[in-house]
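Only one structure is covered here, and it is reproduced in the block below.
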Amino acid sequence: MSAARESHPHGVKRSASPDDDLGSSNWEAADLGNEERKQKFLRLMGAGKKEHTGRLVIGDHKSTSHFRTGEEDKKINEELESQYQQSMDSKLSGRYRRHCGLGFSEVDDHDGEGDVAGDDDDDDSPDPESPDDSESDSESEKEESTEELQAAEHPDEVEDSKNKKDAKSNYKMMFVKSSGS
């Protein structure tokens, strides 16, 4: 250690040329065995130069390469656009927004006074939705259609069922109120 101090006295600048001492950054002088091991070491340390092996394309494999025709591309794009439009229409209309919060639900008025904003559809107009969307109808919509059929046959019974429905919703609301007041 004292020999190292004598060769490099404190406070004296060293020359820019490397001495016989090997620094920690001189990896190429390390004896790692054959050239392959040396390249692996340099690659793992992040100092190795990567050899360019050619163009690598993700998914470019014989088993996965399936090229679509222009017609298939158009068909897929049209389906995606129609699905997007349907979802945006239903989101903006608020038609399928049945739950407003924990324990709260939308009250449907059949008189036409409490229509949801943006829901200007008449009941007589056909829905622009595909037949696949008919499977996703909620139970409340099915109940409404059965009530409309009953209204044509027995108007007095429908009023009673509406009153019962309102009483049920009020009864549910009593349990939802906060217990702090």
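Every residue gets a Cβ built from N, Cα and C, even glycine.
The region 'Disordered' annotation in Swiss-Prot covers 1-181.
Positions annotated as SUMO2 cross-link by Swiss-Prot, on the basis of similarity to another entry: Lys13 (among others). Within the same chain, no residue at least six positions away from Lys13 (SUMO2 cross-link) has a Cβ under 8 Å of its Cβ. Lys13 (SUMO2 cross-link) carries neither a helix nor a strand DSSP state and counts as coil.
Among the features that Swiss-Prot reports, phosphoserine is placed at Ser15 (among others), with the record citing similarity to another entry.
Annotation comment: Swiss-Prot describes Ser17 (among others) as phosphoserine.
Annotation comment: Swiss-Prot describes 48-78 (among others) as compositional bias 'Basic and acidic residues'.
Summarising the annotation, Swiss-Prot assigns SUMO2 cross-link to Lys62 (among others) and lists similarity to another entry as the type of evidence.
Feature annotation from Swiss-Prot assigns phosphoserine to Ser63 (among others); the stated evidence is similarity to another entry.
Of all Cβ atoms in the shown protein chains, 12 besides its own fall within 10 Å of the Cβ of Lys75 (SUMO2 cross-link). The annotation SUMO2 cross-link is assigned in Swiss-Prot to Lys75 (among others).
Ser87 (phosphoserine) is surrounded by 11 other CB atoms, counting those within 10 A of its CB over all protein chains shown. Sequence annotations record features per position, and here Swiss-Prot assigns phosphoserine to Ser87 (among others).
Residues or ranges marked as compositional bias 'Acidic residues' by Swiss-Prot: 106-147.
Annotation comment: Swiss-Prot describes Ser125 (among others) as phosphoserine, evidence class similarity to another entry.
The annotation phosphoserine is assigned in Swiss-Prot to Ser145 (among others) on the grounds of similarity to another entry.
What Swiss-Prot records for 151-169 (among others) is compositional bias 'Basic and acidic residues'.
If you look up Swiss-Prot, you'll see Lys172 (among others) marked as N6-acetyllysine.
Under the heading N6-acetyllysine, Swiss-Prot lists Lys177 (among others).
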Cα-to-Cα gap, Ser87 (phosphoserine) vs Lys75 (SUMO2 cross-link), nearest whole Å = 18
